[in-house]
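All remarks here apply to the structure that follows.
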Amino acid sequence: MNIMVDAYLDNNLGDDLMIRYFASYFYQHKIYLVESREHIRKTFYDIPNIYFYSEEDYKMNEYDFQLHVTIGGSMFILDDFKKLIRFRHRIKNSRKIKKRNIPSAIIGCNLGPFDKRNFGLKLAKFELKYKNLVTVRDKQSKELLLRGFKRKKINIKLFPDIIFSKVLYKSIPKYGLGISVYRSANSEVNNIQIYQELATLADKFIKRSGEKVALFAFDSENENDLVAAHNIKEMIEEKNKVEIIPYLGNSNIFLDKFLSCKKILGIRFHSSILALISGIPLYSLSYSNKTQNMMSNLHLSKYCSPLNNIKENSELIGKDIEDGNLAILKDRDRYELNRLSLEHFIEIEKLINNIYEKGQ
């Protein structure tokens, strides 16, 4: 079967892993992505069932597939004009696919944050009404959708994030602490202050433990965490004990180093999930509702605080890291999250089986 996949392509580890896991699970099907940039395409060249269309190729062959799947994440955010344009494009595309009677789904998404008037939620509802299946990754998103679709039936399922669908294992420790850094594009966020607080936390950890600190840049394209990593390292006194590790398209190299951390201070959403699924003790700093919701759903809220409050909470965070007062899942909980997360893909399997039965 030809499956068109719409996903966020930005040299972002979390989003790239979701695509990889999806393609691996549906290895017997052809997975198509629309992407012309060679350095992004190269990320997936080791996956034999992933194929690429340019924008021009897609326009010529846009209905030459039997299923359309949007792999979600934070796709329903409306906080600037560019995202409004993207929303409108997706709504238009969803309507066209529906008219062609091609089944479509969105999997693994969360909703918000939206603008104060909730205009973004209204746009999300316009898009989702054309979908045969919607799976979300937190309770809050499901409740928001159910309230929004009171008068219309919509197939909404709730499962843990897609990255939980593969159990990972921590390796021989190389770094005492791994920090997933983050650069906000929001002009109202004081990035420099956040960098300074993270540098102070890293310095204190190095001086107390004598161990190395790894600064992980999960996104190396438009969002570009490398800027944050270099700023933070420049502010750290013990620079010889610090290593910057960027994600440049090779997930194996990146994960090998991530899994060799004794502890994780996670800012990027998927850094927290990777720590939890691999059994690495975690303290999470949230820059959006998705991290807060995920940690709350797992009853781990006490190991999570807002990134914009890092200055006030710095001493407590440092002490928790030093004392090992961190989030860690029991093996049975990790395996249960793994089992439930696979349901995103199992629901897609059901759609595929229905397509075969109808002879589409």
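For all residues, glycine too, the Cβ spot is worked out from N, Cα and C.
The domain 'Polysaccharide pyruvyl transferase' feature in TrEMBL is assigned to 12-289.
Within its own chain, the transmembrane segment (265-285) has Cβ neighbours under 8 Å at 13-14, 17, 74, 161, 163-164, 166-170, 177-182, 198, 201, 216, 218-219, 225, 255, 258-259, 291, 294-295, 298, 300, 303-307, 310, 317, 320-321, 324, 326-329, 331, 334, 337-338, counting only residues six or more beyond its boundaries. Annotated transmembrane segment per TrEMBL: 265-285, in sequence order.
Model confidence over the domain 'Polysaccharide pyruvyl transferase' (12-289) stands at 90, taken as the mean pLDDT rounded to a whole number.
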